[in-house]
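Novice: Below are the C-alpha cells for one structure; questions will follow.
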Amino acid sequence: MPGDYYQTLGVTRDADKDEIKRAYRRLARKYHPDVNKEPGAEEKFKEINRAYEVLSEPEIRQRYDQFGEAGVSGGGAQGFDVGNMGDFADIFETIFGGFGGGMGGQQRGRRRANGPTRGDDLRLDLQLTFQEAIFGGEKEIRIPHLESCQVCEGTGAKPGTGVKTCGTCNGAGQVRRATRTPFGSFAQVSACPTCNGSGEVIEQKCEACNGVGRKQETKKLKITIPAGVDDGTRLRVGKEGDAGLRGGPAGDLYVFLMVETDKHFVREGMNIRSNLEVSYLQAILGCRLEVDTVDGKAELTIPAGTQPNTVLTLENKGVPKLGNATIRGDHLITVKVQIPTRINSEERELLERLATIKGESHGKGGLEGFLGGLFHK
C-alpha cells in the first residue's frame, strides 16, 4: 500500500509547488538507478516519481488531500471534493502520517517553540450501513478536541495581564549546563524547564484553562458522506482538529469509514452482486421476476433455457462513481437453479413424457439426473 506522498518527498502538506519540485529533484538525483545501486533504490525512485506526479498537479493533489490514494487511483474509488458541499474544506487515504495514539496526533515538523503552532490532526472511525455508503447523506458526529480558551483568547494569560521574558533563560528558550569529566568539560544544551523553550512566561495564568490556552471540549459536527464511498475511505474535514497554539491554525479531522456488510448484496468496485434462486421450470421456460436492488424492486427477465450460475445484468443499478454520482456500475445477478429432490406423481408423469419426447433414458440416475442433464444440452 502506498505511503504518504508528502512524507515520501519530505515536505509538509502546505508546501507550495516550488518546494515540491525542489524536494523531488533532490531525491530523484539521490535515488536514480543510474546513480544509486543500493537495493531498494529503484523502488524508492518509483515512489518519488509517483509522489511528484500526484503533488505537482493542483487538481490531482486536491483529490489526494481529500481521499488520499483512493482519490487518485482508478476504478470506483476516485476522489470527491466536498468543498462545494458545505463549510468543510475537503475529503481520505487508508494510512497516512501525522496520527498518534488515540484521537490526537503528532505535530508536523519542528517549529520555533514561541511561534504559532498548528493544532494536531484528529481521527474518528465512523460506521456506515451498506446503503449509506452507496447513496451517501449527512451524519452527525461528536468529537472530543482541544478548543481555544474563550476567556484568554488562547494566550493562557489572565485577562488584563500578559507575558514576560523568562528569567531562567533570559528569553533564549534554552539553558546550558557544563559537566566536568575525566576527559574534559562538556556543555549540554536543553530546553528551559521554566518556560518549556518558549523564552516567555505568563505573569498570571488564566484560571479557565490553567494557562494552557486550550480546553478539552466535545463538539457536534454534521458531515456530508458522498455517494459511492467504500470501506476504508478517509474523509478530511478541514480545520476541525485541535486548536493551534499561540495563534496557530487548527488541525484537520480525518474520518475513516467502516462499511457494514449486507446480507443480500456484495460490492465489487462499482458493481453489486447478488444471487437469485429460480425453479427448474422458470429456468427452462423463462420468466420475468421482481428482484431486490439497492434502489428497491426491479424487474428482471430470465431467458428461456437459462443455465445454472448464469450472470444477468441490471445496468446502472450498481454503485455511484465517487465524485460523479450520475455514473453508476451494474447489478450482477447470478442465477441459482433449484432442482427438486422429490416430485409428486403428476410431476413425474409429465417429466417422463418429456423425457420420452426428447428421447432421453431416465432409468439411470432417476428423473433428477435427467433434470440436471437438461441444463447442459
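The backbone N, Cα and C atoms fix where each Cβ goes, and this holds for glycine too.
Feature table excerpt (Swiss-Prot):
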BINDING   Cys149, Cys152, Cys206, Cys209  Zn(2+) 1 binding site
BINDING   Cys166, Cys169, Cys192, Cys195  Zn(2+) 2 binding site
DOMAIN    4-68  domain 'J'
REPEAT    149-156  repeat 'CXXCXGXG motif'
REPEAT    166-173  repeat 'CXXCXGXG motif'
REPEAT    192-199  repeat 'CXXCXGXG motif'
REPEAT    206-213  repeat 'CXXCXGXG motif'
ZN_FING   136-218  zinc finger
Novice: Could you measure between Cys169 (Zn(2+) 2 binding site) and Cys206 (Zn(2+) 1 binding site) for me? Cα positions, answer in whole angstrom.
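Specialist: Answer for this pair: 23 Å between alpha carbons.
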Novice: Out of the binding-site residues Cys149, Cys152, Cys206, Cys209, give me the one sitting nearest to Cys166 (Zn(2+) 2 binding site) by CA distance.
Specialist: Cys206
Novice: Under 8 Å between C-beta atoms and at least six residues away from its ends: which parts of the chain pack against the repeat 'CXXCXGXG motif' (192-199)?
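Specialist: Same-chain contacts beyond the flanks: 113-114, 165-169, 171-175.
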Novice: What is the number of residues in the repeat 'CXXCXGXG motif' (149-156) that are helix, strand and coil, as DSSP sees it?
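Specialist: For the repeat 'CXXCXGXG motif' (149-156), the helix, strand and coil counts are 0 helix, 0 strand, 8 coil.
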Novice: Taking the recorded Zn(2+) 2 site as Cys166, Cys169, Cys192, Cys195, identify the other residues of that chain whose CB atom sits within 8 Å of the mean position of the site's CB atoms, giving them in sequence order.
Specialist: Gly167, Thr168, Asn170, Gly171, Ala172, Gly173, Gln174, Val175, Pro193, Thr194, Asn196, Gly197, Ser198, Gly199, Glu200, Val201
Novice: State the three-class DSSP label for Cys209 (Zn(2+) 1 binding site), counting H, G and I as helix, E and B as strand, and everything else as coil.
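Specialist: SS state of Cys209 (Zn(2+) 1 binding site) = coil.
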Novice: Near Cys149 (Zn(2+) 1 binding site), how many other Cβ atoms are within 10 Å of its Cβ?
Specialist: 20
Novice: What other residues of this chain sit with their CB within 8 A of the center of the CB atoms of Cys149, Cys152, Cys206, Cys209, the recorded Zn(2+) 1 site?
Specialist: Gln150, Val151, Glu153, Gly154, Thr155, Gly156, Ala157, Lys205, Glu207, Ala208, Asn210, Gly211, Val212, Gly213, Arg214, Lys215
Novice: Just to verify: the residue among Cys195, Cys209 with the fewest other Cβ atoms within 10 Å, which of the binding-site residues is it?
Specialist: Cys209
Novice: Just to be sure I understand, if DSSP states are collapsed into helix, strand and coil, how many residues of the repeat 'CXXCXGXG motif' (166-173) fall in each?
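Specialist: Taking the repeat 'CXXCXGXG motif' (166-173) as a whole: 0 helix, 0 strand, 8 coil.
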Novice: Tell me the Cα distance separating Cys192 (Zn(2+) 2 binding site) from Cys206 (Zn(2+) 1 binding site), rounded to the nearest angstrom.
Specialist: 22
Novice: Please work out the number of neighbouring Cβ atoms within 10 Å of the Cβ of Cys169 (Zn(2+) 2 binding site), leaving out its own Cβ.
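Specialist: Its Cβ shell of radius 10 Å holds 21 other Cβ atoms.
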